[in-house]
Structures are given as C-alpha cells and as structure tokens.
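As given in Swiss-Prot:
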- 1-60: region 'Disordered' (REGION)
- 8: phosphoserine (MOD_RES)
- 11: phosphoserine (MOD_RES)
- 38: phosphothreonine (MOD_RES)
- 41: phosphothreonine (MOD_RES)
- 42: phosphoserine (MOD_RES)
- 189: phosphoserine (MOD_RES)
- 204-233: region 'Disordered' (REGION)
- 221-233: compositional bias 'Basic and acidic residues' (COMPBIAS)
- 223: phosphoserine (MOD_RES)
- 239-317: domain 'RRM' (DOMAIN)
- 264: phosphoserine (MOD_RES)
C-alpha cells in the first residue's frame, strides 16, 4: 500500500479555539478608541489578570443613564457589563409623593430607594372606573309617589291661600282679624259653617219669640214624614275611605281641611282614646260622591302629614 506525506485536516474544536482567540484580540483593540454611548470618550481600562477590578461607573447624560460594572467568572476571566437605562419622569399625587419620602423600617431599613424583591411584591395596577347609571335614577324618580303630588295643590290656607294649614298660617294673627272685620262690613258671616248639599236645616228653638211653649206637634217639620236612613247609609258606605297612620294630635278640623278640596264631605269619624282624647291613628271619611272619594285616595295616599306618611284606602262596608 503506498504511503505519502499529506497535511492533516484540523479538528472542529481547534478551529473554534483559534477563532475565539482572534475575536478577543480584535475586541480588546477596538474598545480602546470607541466612545461610550453617553458621550464619554475616556479610554477603557485594560483588564489584566493580576490587576483588581475597576469600581462601577455611572454616567447620566440627559434622560439616558449608563452603568458600567466589571466582574470575574469562576475560571478567572474578567468581563465588563454595560447597562443603559432611560429615565422617565412620572407625575404622582401628593399622597403618593409623601409616602415615597417615608423612612424605611424593619427588614428594609437599609434598603435603597425603590421596592425590594425580598420584602415587597409589586402587582399589576388596577384601574377603577366609577359608572353611575342615570337610567336607574330616572326610574326611581318616576316610581316615587311624592312626585305625583308636586303639581297638585291639596292644602290651601283660608287666610293667605298658601300651601299650608290655616292653623299654621304665619299671617293668622294679622290677616285673620282684618278679614273678619271686612266680612262683617260686607254683611257676610264667617262664623257659620258652609251648608253642604243634602244637609238638613238646624232645628229652631222650642220657644217662639213671645216666649210661649210650642208643643212638638205644632213645631216646624212636625207635618213632614220621617225618612229612612238605610239608603243614605248604604251610599255613605260606598263613598267611605279609611285613613291610617295619623298622628296623635290630629283633629276633625284637620281632616276637614285635608279632604275638603276633593269634594263634599258628609261625615268624618276620628277614632279617639276615651281617657286621653288623643287620636288612635285612623279615621273614616264619607263623601257624597264616590268619584270624590276616589280622587281623595289618589291624592292623599302616600302624602306626608305631621312627619308621617298617610295611607288611604277604601273602607270595608259594614255588615250591620
């Protein structure tokens, strides 16, 4: 077998090692004259095997911050780390700015400014958005029963025609006597009650002007026949309403002023305590017409009176 001299082909490991040595030489030669990204043109110190590591260097140029550090690997090789940061200015509220100036304590007493991973966990920011539903508010306003009574004038003062009771009128001591004097001059009577339709005439005195005794058979109305009260009572039951949640200070006159604007009233019954004479909290109002009673229920039910909300409903017919 013939033998001859020939060049052996180098292995792949030898090629990589030779290329690495060439790269190190070229890199060390080029870094000597290349300026830093921050504009620093000072030459880089040479990293010799026996020399100590240079101290870290920090350079700030505008909003760019460059930090240069040197470290040694386990095999004794030295290398340089260059980190570049962009400085951002963020606006914070006064409360956040004051908290950042607080002095740290405990395990973080000697930590630099900013959060420490060992003691602080920084989570994602959660943005809260407060939404007010105007539609729900509009629905609540529409369902409010008090809004239905805003355009209605339920109570009218007899003295100043205001929206309050006559007994609580601020002008009753001044305008009241003046109206009485004017009514007397015009020939009007303010003391007599207004006669309602269907109301009977008051019974005259038993004695005549001469002072003689008049027997009952000869008095006014003796020739008239008595009328049955059953039909009238049934009509009253059909147009009677029941008012509850009244205050203890309520009187018949207050109920008369409250329900008179809705129609003619035939009778009012206010339940009272026998010993104290105060109201028990409910009353019955009878109208001459059922339509007036229906308007009174729609207008007064839910109305605020003497710091209480009145409840008005149809009265149950009597079984007697």
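Heads up, the Cβ atoms here are built off N, Cα and C, so glycines get one too.
Quantities reported herein were computed from a predicted structural model and do not represent experimental measurements.
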**OP:** Would you mind checking how many other C-beta atoms are within 10 angstroms of the C-beta on residue 264 (phosphoserine)?
**Re:** 14
Subject >> Average pLDDT across the domain 'RRM' (239-317), rounded to a whole number >> reply: 89
